[in-house]
Amino acid sequence: MLKKLNGEDIDEISPTVGFNIKTLEYNGFKLNMWDVGGQKSIRSYWRNYFEQTDGLIWVVDSADVDRMEDCKRELKTLLIEERLIGASLLVLANKQDLPSSVKAEHIEQLLDLPSLKSHHWKIFACSAVTGDNLVHALDWMCADISERLYNLE
């Protein structure tokens, strides 16, 4: 996703192992983005990247329903982290270009997002391959963060 948003070649897409850091200039915002892999072996390191986080983008594989319970559990665990309090949550239901993908509305229920009261959140159906809906999703996140930070001043 980060490569697609940054206009990089995406001919070969593979899961993030470890992390990638990119700074993206977007609609007047300077976004420092950390793409952190989701493998179980590196989840304990996630907390190293929470300092000064204004927004969290949670990418879900829409074609892998079997992992939704694990995904829900990990997300709920993350959102109680003190350094993520108040961060905007953007959930990307990725791989919508695949016939086996589950609709974003169904993923919203599987992750129990409506019960989430501690963070502003929104879910978008998208595809990292086609780029569908990535701009709309990022627009929402930037607007939500901007509105929240502006109201704090």
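Just so you know, glycine gets a Cβ as well, placed from its N, Cα and C.
The Mg(2+) binding site annotation in TrEMBL covers Thr16.
The GTP binding site annotation in TrEMBL covers Gly38, Asn94, Lys95, Gln96, Asp97. The number of other CB atoms found within 10 A of the CB of Lys95 (GTP binding site), across every protein chain shown, is 20. DSSP assigns Lys95 (GTP binding site) to coil in the three-state reduction, placing it in neither a helix nor a strand.
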Protein Cβ atoms within 10 Å of Gln96 (GTP binding site), excluding its own: 21
Which of Asn94, Asp97, the listed binding-site residues, has fewest other Cβ atoms within 10 Å: Asp97
